[in-house]
Amino acid sequence: MDDIKGNSNNVAAETDPLSIKQDAVEAEEDAIVVIEEIPTSRLIYKVSDNPPPHLCFLFGMQQLLTSISSSMSMSLIVADLVCAKDDDIIKTQILSTTMFMAGISTFFVTTFGLRLPIFQGPSVIYVAPLLAMTTMDEFRCPNYFMDSGKSPDEILKIYYWTHKISRSTHISGSLMAAGALHTLVGLTGLVGIFSKYVGPVTIVPTILLVGLNLYQVAVKFAEKHWGVTAATAGTGFILAIYLNGRQTPLPAYNKKQGFYIKWYPLHQVFAILISIFTGWLLCAVLTASGALSSDTNHIHHYVRTDSRNDIVFSSPWFYFPYPGQFGAMRFSVAVFITCFMATILSVIDSIGDYNAASRVCCVPPPPGHAVNRGIFFEGLMSFFAGTTGACHGTVSYGGNIGAMGITKVVSRRTFQVTAVLYILCAVLLKISAVFVTVPYPVLGGTMILSYGIFIGLILSNLQFVDLNSTRNLAIIGISILMGLILPYWAKSNQHVIRLGNAYADNIILTLISNGAFVGGFIAFFFDNTVRGTRKDRGLLFDEGTEIGNDTVFVEGREVYNLPRIVNFIQNLKIYNILPIFPKDKSI
């Protein structure tokens, strides 16, 4: 590649010094991105690398197990939201729909959207505001069994259609409208304009507050057995962090050399997978030894490996989610407003995740057309999630970005395999039921690992901000603090807000109860109204116009190129009109 220049920092021992110096000078004069030859220990598989099929499958399975806890918890939240907490049939259908949309979204975003390896899954950003609405009498699940004037069959029929199905269709219809707006934000390039005003000073408080709130979900899984949780997280941490850069001796054979020892970082690329199986094995030992209570009401019930085997046997073999499976879509203004606010928040979340993913992958920040495509496909998939009755949108997952930072495997092909596995699990319910039996503390330990690394990645955005500036420190500190204060106050003062309109009261309560929205809004407002240079605010790096000499990239912006299969689009008139395509047809 002609436009890629070497850097003398890391390759002096491998290349002629005079050639290195000349290349470095030419790179500085041409003001192009400098890409270094780096040790193979930094990344084991790059974005454009295609690992062998058997490794692709294992890497994909590892990413699936990393994110499966979020899909499971989200399906349970949605079931509770639509008054189907005790309906196993609907819960199974919702889980299948959630996994199906996660697989479809991941495949399209990684293949045609952003083009970076990034997992797309159900977002609590969409569901959390809706859960707040259940505190209103209109949205509270009623108890029809108090009415003794109806037979049990009549009660179940009325309850099913009036609340479970009706509420699902209202949420889905409103989600479709919000998803359509989300799609337009990417298709029209508004996100590109928006991103010019959203820098690290806004992204860090917003995503940090989202990440910090994830502790509530992690605790629900980890508290079942803290010993197993610690063993799972500790195993992954030792393999990925303490043994980082070490090689594992593996026996190998070929006709030329015969039997020999091959050194490969097996423990690092499969750190999460090994930790999951270690925790699962520990749970099996505790179950077999009788150390765990068999009482279904005991906290150890979800630690036992045999407590949910009936799910595997009772689940049907096949189920295919389809549009309108829960009935015709309906629309609710109140639900739409909450979904629309979640859309704005998810765009900010995605911008931060895209930049975090680019740093983990050691590639330049995504250009405008790639960001627009990513947001476009996220919105489009959220729209289709609404048609299937999923009741939630799909956004990028920080936990899987953290997992890439641990394993050093950032291959795009790996996430395409993950997407296919998700789709298969959604259609083959017997397979997905097996993953549902994973002990809760094992999932909790995995979440501690992946989300812990992700929060660290979010904080790394601050390296491009002038932290000696009182302006930046004040904005970041105040926005994070207010993102914690207001939700805490709103939780115990829900009846203080009285504007005379129940919908208006609920909307305001929903907004101030969302710490990420509060912190993000305050940071965005102050960052764009308080005087400060774009360099001090860290905006130049996000635009790709300021990249220091110490910034190490293993691949250039060619990773964001569209796949060759869509080259025919270049001959269409819309290619030069829509901002989701690069202006240079050569890419």
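In case you wondered, yes, glycine gets a Cβ from its N, Cα and C as well.
Tertiary proximity for the transmembrane segment (94-114) is limited to same-chain residues at least six positions away from its ends with a CB under 8 Å from its CB atoms, namely 67, 71-72, 74-75, 78-79, 84, 120-122, 319, 321, 325, 354, 357, 366, 370-371, 373-374, 376-378, 380-381, 384-385, 388-392, 394, 396, 412, 415-416, 418-427, 429, 432, 436, 560, 562-563, 566. Among the features that TrEMBL reports, transmembrane segment is placed at 94-114 (among others).
When Cβ-Cβ distances below 8 Å are used as the criterion, the transmembrane segment (171-194) is approached by residues 81-82, 126, 130, 326, 329-332, 335-336, 339-340, 342-343, 346-347, 351, 368, 371-393, 578-580 of the same chain, each at least six residues removed from its ends. Here TrEMBL flags 171-194 (among others) as transmembrane segment.
Annotation source TrEMBL lists transmembrane segment at 201-219 (among others).
A Cβ distance under 8 Å defines the sequence-distant neighbours of the transmembrane segment (225-245), meaning residues of its chain 6+ beyond its ends; these are 41, 265, 267-268, 271-272, 274-276, 278-279, 282-283, 286, 299-300, 303, 406-407, 439-442, 444-446, 448-449. The annotation transmembrane segment is assigned in TrEMBL to 225-245 (among others).
Panel annotation: around the transmembrane segment (266-288), residues 44-45, 55, 58-59, 61-62, 65-66, 225, 228-229, 231-233, 235-236, 239-240, 243-244, 246, 248, 250, 303-306, 403, 406-409, 438-439, 441-442, 445-446, 449-450 of the same chain, lying at least six beyond its termini, place a Cβ under 8 Å from a Cβ of the stretch. The transmembrane segment annotation in TrEMBL covers 266-288 (among others).
According to TrEMBL, the feature transmembrane segment maps to 328-348 (among others).
The feature transmembrane segment is assigned by TrEMBL to 414-436 (among others).
Look at TrEMBL and you will find 442-460 (among others) tagged as transmembrane segment.
Residues annotated as transmembrane segment in TrEMBL: 472-490 (among others). Panel annotation: around the transmembrane segment (472-490), residues 201, 204-205, 208-209, 462, 465-466, 509, 512-516, 518-520, 522-523, 526-527, 530, 532, 536-537 of the same chain, lying at least six beyond its termini, place a Cβ under 8 Å from a Cβ of the stretch.
Summarising the annotation, TrEMBL assigns transmembrane segment to 502-526 (among others). With a cut-off of 8 Å between Cβ atoms, the residues of this chain six or more beyond the transmembrane segment (502-526) that come close are 125, 128-129, 132-133, 135-136, 138, 197-198, 201-202, 204-210, 212-213, 333-334, 337-338, 341, 345, 348-349, 474-476, 478-480, 482-484, 486-487, 489-491, 494.
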Of the stretches 201-219, 328-348, 414-436, which racks up the most C-beta pairs under 8 Å with the transmembrane segment (442-460)?
-> 201-219
